[in-house]
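Undergrad: Got a structure here, written out as structure tokens. Questions coming.
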Amino acid sequence: MNQSPAAFGPRRGGSPAVVAGAGARRNESQDYLLMDSELGDDAQPPLPAYGYYPCLRGTDSRLTHRRQTVLREKGRRLANRGPAYMFNDHSTSLSIEEERFLDAAEYGNIPVVRKMLEECLSLNVNCVDYMGQNALQLAVANEHLEITELLLKKENLSRVGDALLLAISKGYVRIVEAILSHPAFAEGKRLATSPSQSELQQDDFYAYDEDGTRFSHDVTPIILAAHCQEYEIVHTLLRKGARIERPHDYFCKCSECNQKQKHDSFSHSRSRINAYKGLASPAYLSLSSEDPVMTALELSNELAVLANIEKEFKNDYKKLSMQCKDFVVGLLDLCRNTEEVEAILNGDVEIHHSGGDHYRPNLSRLKLAIKYDVKKFVAHPNCQQQLLSIWYENLSGLRQQTMAVKFLVVLAVAVGLPFLALVYWFAPCSKMGKIMRGPFMKFVAHAASFTIFLGLLVMNAADRFEGTKILPNETSTDHAKQLFRMKTSCFSWMEMLIISWVIGMIWAECKEIWTQGPKEYLFELWNMLDFGMLAIFAASFIARFMAFWHASKAQSIIDANDTLKDLTKVTLGDNVKYYNLARIKWDPSDPQIISEGLYAIAVVLSFSRIAYILPANESFGPLQISLGRTVKDIFKFMVIFIMVFVAFMIGMFNLYSYYIGAKQNEAFTTVEESFKTLFWAIFGLSEVKSVVINYNHKFIENIGYVLYGVYNVTMVIVLLNMLIAMINSSFQEIEDDADVEWKFARAKLWFSYFEEGRTLPVPFNLVPSPKSLFYLLLRLKKWISELFQGHKKGFQEDAEMNKRNEGKKFGILGSHEDLSKLSLDRKQFAHSKQSSIRSSEDFQLNSFTNPPRQYQKIMKRLIKRYVLQAQIDKESDEVNEGELKEIKQDISSLRYELLEEKTQNSEDLAELIRKLGEKLSMEPNQEESNR
């Protein structure tokens, strides 16, 4: 039987050879599927074939058909390789055998690759094509799993790391698992090594070609998998011990950071961003952390801080911060019952449920969300419903009542506030006491108390609504020996009530500072308003008291003289006479005048404090938020405004300061007059004649006209309209997301009443309740017991150290053992400290020794739902061009597999026919021999 030419040999000759037997039929069957890589127009030069060397038939139709098929195959190859293929010749360093091997690996010709790997011992499996890619890279790029597995069995295979990164980027899970089973990843060190570290070791493990790597030099497999949101691949890498190292602090001055910054600052910044992209990936957050909610919240805040530090990458960091926030919102959205919502909002549910009968969720995660401005998380319906149930604690029936009923409840609480306070003093654990401890009742009680305080401020000025009874140039006394200042500086009963309210509010603020700490207290702007209001009230009352004290001293001098009966008939000394003068004759720095001025400012701030409770209402809440944003815009605008204002004020003053008394008015002649004129010019209340001079100095006057006109154009037309545009933009931002903004502001208001304590409103909080005294005694007892235990523990440690010293002194065996045990304990302590720092990122594979708590079970359920939802969303995306290309590659690979199966079947059939023919030919011979 004639054999076909060598399976891997080039085509020779110009006419088709006639081959007999099964081999000819086998080659004919491959004529339509295994084509040459090129075909000339007339001649037939030596061409590489994909499969076994085909025999051509002599008919013109068959030759024409083959040419058309080859041209189609060639066009597909050009399309796959891109335009660069048309401008790059085949590498002269490659043999025809290597070219055929690379083509077979690229197009999924499994039979050829297997046969060449088995039979061609001189084949270089690391040979590269015109683009510098070897067979492994080509097979992975075209998703040929079987070829990848065949190549991975070869020793000294290069660029395995780049193939892994390529498979991760394309999401080929099975290929990734196959590559990870390679001996190079047995120890796990390669997974933690980036391409840049491999280059330092002069290793081409992650190299794409001789020029460098395919991906960024700092990208490790786990970082790339996190970037691509490949959950299954991330899980596989995590199980093999891969982790993403958190970048050092931005201001870190360690030797490693300094070296990277000096060598290439841009690469250092990009490596930090790539690491944070991996850490902020939902795939990595959900699979790597024991507490993904806590990790995501902390990371979102860290990224927001970096966005303000690294301005050049601000958008990247803000996007990553928002990605972490969206991840937390996604987990909250997947909750199906109250227990799961509580687990996300509180953290470890079991620990906090063990607090006692009066359990109230601590909402530790929600505190962080409010602190880090995760507004969508706080405003989520699941979170809001949980907050609403806590808000109406012990008053669940009031939640469904109408607004009229709620208003009546508020009115009843305001009227009966003294009675409710009395009940809570003596029976804090009664039913009424529990109702008073509820957040809603605390809010109503505090709001009613503050409303009464504002009413007192109004009533304190009610006697002057129709005008003061004593004119500024008049004096009035109750009796003949009384000084006028004794009547005006003494405190009325209304003012004494106001002082009691102010002292109560100061005490409440002191308790809040003690509870929260100074840093957290100053973080809230409303606390700054309260602090300013109370400080001004206190300064006003102190100044008023000083005026009263000085007047009392003068009055005591009068009272000590029994001969004085009527002050109007005697001449008083200077130290006494002043306190009997009319208001218009008082010193400008008189304590009572200062007190009245400060009191007026404090009253304005007190009424502005009403805005704090406006977020409780859906109608007024967005308006209050817009007002707060407007105030921020005004402060930003004031920087530019002050620069322009001061420039023109100093310029106009320098121009007109020499013309005092020579102008039609005093504008711009002094700094004070310059300020007044320019300030009121903003509102159109300054006159044009402010720049006119009475003398014939036209040059100065014309310059004044020009500067004054430029000022009005700049301030009124440009800057004021810019301020209006800024305010309008801020209001539109609030309006576009009004529901989220309002719910977030309302949650912040509610949260201030969720904490234990501050049950009694002002001024009833000044009287210590029996409950407070009881808790104070308990704390003192606990402190004293801890103090004695500390001394006792210190004595025990001293005794133990003495024993050890005696053991060393007398040479007792085991002293070295004790020292080794002590050093071991120290090492274990240091190790536990480091592990606690990394606990939020590392897996704790101790579920067999430490069974998971309820919180861990809940988080595991939520993470499963999140991963499944992410996979469903990914699968529901439309088929893109890359997926169509993958389908083509699969069809191409299937073609070669079918051909191999057909060839094998043909060989088996030919063998059966041969055996059958031999058997049939042997039967006549046996019959003849039998005869």
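Note that Cβ sites are derived from N, Cα and C of the backbone, with glycine treated the same way.
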Undergrad: If you check Swiss-Prot, which of Asn394, Asn617, Asn728 turns up marked as N-linked glycosylation site?
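TA: Checking Swiss-Prot against Asn394, Asn617, Asn728, the N-linked glycosylation site entry points to Asn617.
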Undergrad: Is Ser785 placed by Swiss-Prot on the same side of the membrane that Gln482 is on?
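TA: Going by Swiss-Prot, Gln482 and Ser785 are on the same face of the membrane.
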Undergrad: Should anything in the same chain at least six residues away from the transmembrane segment (522-542) have a Cβ under 8 Å from its Cβ atoms, list it; otherwise answer none.
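TA: Same-chain contacts beyond the flanks: 371, 499, 502, 505-506, 509, 512, 594-596, 598-599, 601-602, 605-606, 608-609, 612.
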Undergrad: Taking a Cβ cut-off under 8 Å, which residues six or more beyond the ends of the transmembrane segment (593-613) line up next to it in the same chain?
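TA: 443, 447, 450, 453-454, 457, 526, 529-530, 532-533, 536-537, 539-541, 543-544, 547, 586-587, 624, 627-628, 749.
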Undergrad: List, by number or range, the same-chain residues at least 6 past the topological domain 'Extracellular' (696-706) whose CB is under 8 A from its CB atoms?
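TA: Long-range Cβ neighbours of the topological domain 'Extracellular' (696-706): 652, 655-656, 659, 668.
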Undergrad: Hey, which bits of the same chain come close to the repeat 'ANK 3' (217-246), Cβ under 8 Å, at least six residues off its ends?
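TA: Sequence-distant neighbours of the repeat 'ANK 3' (217-246): 161, 164-165, 168-169, 171, 173, 176-177, 180, 185, 188, 191-196, 199, 267, 270-271, 274-275, 277-279, 281-284, 286-288, 841-843, 867, 870-871, 874.
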Undergrad: Going by DSSP, is Asn617 (N-linked glycosylation site) part of a helix, a strand, or coil?
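TA: SS state of Asn617 (N-linked glycosylation site) = coil.
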Undergrad: By DSSP assignment, list the helix, strand and coil residue numbers for the topological domain 'Extracellular' (428-438), in that order.
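TA: DSSP classes over the topological domain 'Extracellular' (428-438) add up to 7 helix, 0 strand, 4 coil.
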Undergrad: So for Asn617 (N-linked glycosylation site), how many other CB atoms are inside 10 Å of its CB?
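TA: I count 13 other Cβ atoms within 10 Å of it.
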Undergrad: So, by DSSP, how many helix, strand and coil residues make up the topological domain 'Cytoplasmic' (460-487)?
TA: 8 helix, 0 strand, 20 coil
